[in-house]
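What follows is a set of notes on a single structure, which appears directly below.
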Amino acid sequence: MTTFVARRLLLLPLVAFGVTILIFALLQFLTPAQRAALFVTDPRQLSQIDAIIRKYGLDKPVHVQYWTWLKQLAQGDLGWSQTARMPTSTALATFFPATLELTIYIFIPVVLIGLWLGTKAAVRKDQFVDHFSRFFAISLRGLPSFVWGLIVLMVFYGWLNWFPPGRLSLDADLFVKSPEFHRYTRLMTVDALLNGQPWIFVDALRHIVGPAMTLVLVEMALIVRITRSSMLEVLRQDYVRTARAKGLAEPVVINRHARKNALIPVVTLTSLIFVGLLGGVVLAETIFNYPGIGKWGAEAAVQLDIPGVTGFGMFIALVTVVGNLAADILYAAIDPRIRLQ
């Protein structure tokens with residue numbers, strides 16, 4: 001296992017290097033003045049673009065420019081984001097906790113309900129639960145997430161006024177910004193409980209439910225289908241039939257013998273879903289005006305905020321690389337054959 005993990009870790013620098021080359025190559029399509037904005041850390045410097053071009057050698061050979069950009073990147077200097085009106089690195093740190101919190105509230109029900117329903121559908125093949133799960137999955141995957149987002153917004157906010165957009169109501173937002181409220185984790189629901197303010201927790205949760213429900217519906221359908229298919233394949237194996245022939249109770253056969261092997265493709269999928277949610281909540285955050293990193297990235301793209309788009313792209317690349325590493329490690333932990341190979 002240690003050798004397997006070490007090999008994967010050794011690949012990380014190479015992948016990261018390739019990502020930086022790709023992003024830098026895309027930046028070469030911009031003019032030197034536009035690329036100079038990447039090195040701006042204060043809005044007052046925007047009037048000194050020519051000086052910045054000379055200082056960072058943006059008129060020099062490409063390899064010199066790449067080395068300079070790489071050094072700035074290593075120092076966390078991603079330029080000034082006009083959209084966020086702060087340094088890009090600060091914007092990433094500011095907006096990421098909201099997206100992480102939303103992702104957690106999406107991921108937990110997706111995995112728990114998806115695994116449960118997929119397992120039930122496989123065990124009770126061609127019965128009501130199976131037919132329901134298939135109809136459920138096909139119906140939810142049949143519409144894109146932004147359509148479900150608009151439906152959820154219209155029904156649960158427009159008609160019922162249960163789950164408003166944004167992250168907090170006005171009263172809660174004012175209290176959170178006061179000196180009385182301490183941000184320990186920057187996860188609003190967690191900090192609300194740590195501050196002994198359950199009403200803030202309820203308010204934050206009401207604002208999370210809308211975008212979370214949108215993506216739970218879409219992503220859970222995929223987990224249900226993959227779990228069902230994997231469980232059906234495992235239940236046909238000889239060792240499962242042997243366990244039943246020995247007289248083991250059906251819950252023991254399902255939970256101890258079948259489910260663990262059926263989880264191998266599901267674990268990989270759930271890891272990729274978690275990674276995808278961190279960078280793929282753009283539509284949900286935009287529809288529900290949720291101030292996360294996805295909404296900021298979309299606004300940066302619309303406003304041609306080059307440093308913001310570059311920072312968002314680097315963030316997505318980093319999350320994807322780390323997420324794939326985690327998926328490989330989990331895959332090897334569940335299936336010893338991968339470690340032996």
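Glycine too: its Cβ is placed from the backbone N, Cα and C atoms.
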TrEMBL annotation (transmembrane segment) - matching range among 188-207, 208-227: 208-227
Annotated range (TrEMBL: transmembrane segment) out of 9-31, 262-284: 262-284
Positions on the same chain near the transmembrane segment (102-123), where near means CB under 8 A and six or more residues out: 129-130, 132-134, 136, 187, 208, 211-212, 215-216, 219-220, 222-232, 235, 250, 254, 259, 262-263, 266, 270, 273-274, 277-278, 281, 284-285, 290, 292
